[in-house]
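Copied from TrEMBL, the annotated features are:
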{"type": "DISULFID", "residues": "Cys545-Cys554", "note": "disulfide bond"}
{"type": "DISULFID", "residues": "Cys591-Cys600", "note": "disulfide bond"}
{"type": "DOMAIN", "residues": "514-555", "note": "domain 'EGF-like'"}
{"type": "DOMAIN", "residues": "557-601", "note": "domain 'EGF-like'"}
{"type": "DOMAIN", "residues": "603-644", "note": "domain 'EGF-like'"}
{"type": "DOMAIN", "residues": "673-867", "note": "domain 'Laminin G'"}
Amino acid sequence: MERRRVVTSSVEQFKCLGIENLVTVGAGKCLLDNECPEPCKCNGTVVDCRWQSQLVITPTSIPNFTTSLLLGNNKITKLEPFAFGMGTNKLTNLHTLNLSNNNLNFMAHNSLAGIENLRVLDLRNNSLDRLNVLEALSNDKGTDKIEDLEHERDSSLEILHLDGNGFNCVSLEYLPNTLRRLTITQNPSLHSIILNKNTKNKKSLNIEIDSSGQLLCDCNLQSLLKEGKISWNNRQEPKCGGPENLKGMALEQFKNVKCSGESSCSEEGVYCPFGCRCTPLINNYFEQQTKNQNNHRFRHRKRRLLFRHRREEEDNFRGKQNSVIVNCSNSFLVNIPWPLPKNTEELLLDNNKIKIIKGENFNGLEHLKKLDLSHNLIEHIPSNAFSPLKSLNALMLSHNRISCLSKGAFDGLGLLRILSLQSNLISKLPEVVFSKFVLETQQTLSHVSLGDNPLLCDCGMNWAIKWLRSKFLEPGIARCSDPPERRHQLLLSVQPYAPCPTLNNTNINEDLCNFCSPEKCLNGGHCVLDEENGENFPFQFKCICSPGFYGKHCEQQVDSCFGNPCRNGGKCIVKMGENKLMYEGRFKCICLRGFAGERCERQINECVEKGGKERCLNGGKCLDQLNGYRCECPKGVSRMERANNDGKRVSKRNFCPFNYADPPKCNRRRAIAIKTTNTFLSVGQWPVNNFNSSVINGEISFHFATNQSDGTMFWLGDKDDDSFILLELVRGRLRAAVQLGKGHEPYSQLYSMNIVSDSKSHWLVIGIYGQKFYLTVDDFPTQFAINTGPLNFFPNEFLQIYFGGVPADLGRRALVHFIISDASSIIGCFWDLRFNQISDIENNILPYPSLDLSKYIHVNNTFIGECNN
């Protein structure tokens, strides 16, 4: 515009372009903008103050046209209120503020006031452990409650970088709703990201984290994960840092796990565990100061004391403003919560259900002065349980179940003044537990409470009597419980026990907390301390079980027959006699006749005698059958006869008709045919407990063939119908059911995999051992069910068995109680019924003889006949 006439120039020529508009916006209005501050450099609207070692506070008089203010890599430690101007000097055009790589540890209320259009705030690599962005952006001069900052939620801030700081927790409640991106990587102390009622308004928020923190996997974190608000680099997938049962689990996996608990994060950035209340200690401090002041009788004296101690109070304030009281009393806790605020000064865990304490529970609590664990269920104090608590003054362990103090239980408590152990089960005070207090001349311990403990005042207590009496540590409440002549005597006044044998170092250092006694392990098992946990947790032991047993206490017997490993109807056993078990994990199969092998997997050719001789002579044809063989003789040779080596015929029966067994007499009835729907066979009372144990052990097997699709096939039960095992056909399939004890509904039951109402031969085994109920049909896999009734044994030792059907009155009762669906008998053929018997184990031969059914058939019963082969 130089040398051009103003009158002839157009309006557009006077308009500034780009950043010139911001720089010259005040021209003609007598508003002079600030110059570029020292020692910064200005380029357009960018003010660059980076790498200025002398810059310890924010520069003043920053130009109003500034859009980007770069203050990184300096030594700024705090932001004062209105740090970037106020009134007409507000930076309304500032979009980006970079404060990274400073020593920033505090941002005051209103510290960002006046920056109304701030979009990007970079606070990376500082020392911040708390941040209330809403409060920092507020223009009000007073101290606002969070409810009064609602208008700040709609600020312009979109990106916030908090990487490389010391945040313990981050609460989304103190962030504006406009925020789209929040990065909090490289925060090793980060434990929790807290949801709030306003989180739903932050729909577009994305939170970037990494694996550096120890995140507590609670419902807060899970909600954020499910909403997709948290992301991370795939190379650094974060994992759960707690609680104990989720430790080490990937966050992607935790997303689908049931969560519990929601922790909180205070405005001061203090993480508070679920179920606890965290109060800044400064609040209690000022309340106490006010109370003390009000107790002064004279106003001038109060004024004089105020001036006298003002400096001391200011020092106390600075020391206490970061400390908190964590109150977890009456919260039904079973474990010490994790994590705990590192600036905790008082930790109250009384009136809970805590059983075990570990030294790692208190890691990082270097400022803790008071710990209250009274009224819990603690039984044992392990070594170095409190060693991280270097500043602890008072330790409350009263009203627990403590019976054992391990060596070095109180090591590391150099500043301990009060130790409360009253109302426990302590009988002995080992010298190795208190040796640090006894030997150290500068020890601070002034009070030891031992009242209401069953103290044994024998030789082992002599050292404690002398020590407590010399230091006046016990207030005169604790009394002896044993030996009888010292019962009820005060510990402070009782005389040392004498005479006493000389104790060697082995006796003195004897581990009194070894609770691994022989009776811990059953069935001959050997008890040993757990090598991983036994040193610190004496109640953690393991049993080395004898062969044939397993379980924590060796209480379970190895059932090698589970799953029925024997094929082709073989009987699986694990007992070699009354009480002798086979080697652990081993079993033996007793095979049916015609089968052999370790698992009865090989079929024997019954037509060939031992030595290779043919069973059928004179040109007879041998047919191999299930339980033997059969000869088809040529014409002129009787099946009842067999030729000897000289060619002569002798009368020797080598087989029996199908319905009979035991040649040559064939006097045992092995098969019957049920001819009508109201016929049954009663085989009398039978024992159901073959091994005289406290659990039922019964098994039934037989063959059958029928074309009937519904009806009752088998019943074993007591007279009251409260306990039974039954078999019935339902639409062509077998239904097996068991009930032990009255009121067990529904019954434990199984259905066969195949349809058996096809007139073909079928074989089945049904049995129960303890609470396991099983069914095997033909070559199909064995099916199992668990008896969930009120009993795991039959009330009566002998039970009635009905075969092929049931009596009419029993059928009616069973129908009324919906035990069976059809009371009709099964018309068909049944053979080789066996019940709870074992054959010749040495020769591994089965079958054991089936029941002689002729004993149970009435002479005049014409409805039970013979099967047609």
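Residue numbers in this text run from 1 along the chain shown.
Here the Cβ of each residue, glycine as well, is placed from N, Cα and C on the backbone.
Taking the features listed in TrEMBL, we show where each one sits on the structure.
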| residue | record | Cβ neighbours (10 Å) |
| --- | --- | --- |
| Cys545 | disulfide bond | 22 |
| Cys554 | disulfide bond | 21 |
| Cys591 | disulfide bond | 26 |
| Cys600 | disulfide bond | 23 |
DSSP output for Cys591 (disulfide bond) maps to strand
Whole-number Å distance between the CA of Cys545 (disulfide bond) and the CA of Cys600 (disulfide bond)?
-> 30
Pop the Cα-Cα gap between Cys591 (disulfide bond) and Cys554 (disulfide bond) into the table, whole Å please.
-> 31
If you average pLDDT over the domain 'EGF-like' (603-644), what do you get?
-> 63
